[in-house]
Structures are given as structure tokens and as C-alpha cells.
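For reference, the structure discussed in these notes is given below.
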């Protein structure tokens, strides 16, 4: 089995694959101080609950946007699974797609991995991948899978946190889809929720429209990321929602590498 690990700024996702089949997935808060031993205690318990044994894992692949978290995850792979982890974007792992931007070395591993996964599900078409996480990214992927650039915007939670941090009398609230379509709130909390949620929807609508106009070709819009389901009721925004896009991209990246050996 393959253990795929995707470390984001907020959460780290772990998944088991057999071939192309996603068997199980788990999530833990990102903490670059967490040791290999701590990871294993947590992961071993969850694997056992779902009927898997760590001895069945024969490969590990990691994508991370938190460089300081990498060492302990590599140690996890070596110490507890007896393998050297492959790291997305580092030798001997090659992307297998072109990064057609001015600074290809600056493209986040998660965005390149998402491009690989999007190409697997929508080959031969122009794609717009929107990843809702700590930051929200919108990326144009060409018909051949090439990464062609994109946008980075503050994530919806980050926007809410900035509002609360800057305005002393505003309460801390959880982001969720408003209970109604009304955009006139009658409490402070509802007004905040309306402003952040519907303001964010308007931003995404506007950015999609601008990207479509500039690209000038039909686009398949794919949503992913930990907060993508927050906007699932806004069906007009996306053609498909793929919560596991990055994990599946790691699986495809590993499998295409194996074919070259």
C-alpha cells in the first residue's frame, strides 16, 4: 500500500492507496514540532481501527508547503515503515507536467500535485482548479496538464480571522453557509457571516469570470481543499468538487514514477 501525506498550512492529510483505490484518509492539525513518534502513535491507532496494518505500507510520498514539517515525516517513513519517503518536487520525483510560469521553482507542491490530479480526471480540456484552504488558489491547467499560472487570495477563514483581530468589539464566530439567502443581517453575528460568506462567493464568481474572459476558452472548474464543501450549495460556481484532489494527485505522481523505473 501507498501512504500519501499532504501537509497544508492548517491541516495534514494522510491517505492509504492500493493501486488507484483510495482506501482510507485521516486529518490532523499541522504542527511542525510534532515528532515521528507522535505521528505514529496517532496513525497506528487509526489504521488499526479501520483494519490496516503498518506492515502493509511499502511506499510513502509526501507533499508539503510547510518545509519544517518534512524532516519528521521522512523519519516516520524510515523508522516505522522501513522506506525512504518520496517528496513531491524533489529528485527522483519529477512532475511529469510543464510548469509554464516565470518562476517554476516557486510553484507550491500542492498546486502542482493538484494539476496532475486534475489532468487525470479531465484530460484534454482547459481546467480551473480552485483550492479552498488557508489561502485560496485558482490555477489554470492546460489541456495537456501544463500548469499555466493562477491567483492567490486570502482564505475564507483567514479573512474572518483578520476581521475579528482588527475590530475589537466583533465576536469570534465559525464560518458556515448562512441559513438563508438574505443579505441583510439583524444581528452582529449574522451580518459578519453574510459579509464574509457572500462576499467570498462574489469574489470567487468575479475571479472565475475574469479568468474565463482572459483565457477565452471553455473551462472545467474543479473545486478542492478543506473548505470546498462550504460552498457546495453554490452549484453554479463549479463543475465538480473533488475533496481528495491533492491526495489523488500524490497517488498519480507516485504511480507515474513507478512506471519509469
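Cβ coordinates come from backbone N, Cα and C, glycine included.
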- [ ] According to Swiss-Prot, 6, 7, 8, 9, 10, 11, 12, 13 bind ATP; so which of 94, 134, 136 is the extra one listed there?
- [x] 134
Open item on the list: What are the sequence-distant neighbours of residue 111 (substrate binding site), meaning same chain, six or more residues apart, C-beta distance under 8 angstroms?
Closed with: 129, 131, 137, 139, 147, 150
Open item on the list: Helix, strand or coil by DSSP: which one applies to residue 109 (substrate binding site)?
Closed with: helix
TODO: Among the binding-site residues listed here (8, 108), identify the one with the smallest other-Cβ count within 10 Å.
DONE: 108
- [ ] Might you list, by sequence position, any residue in that chain lying six or more from residue 110 (active site, proton acceptor) with a Cβ less than 8 Å away from its Cβ?
- [x] 6, 8, 63, 65, 131, 246
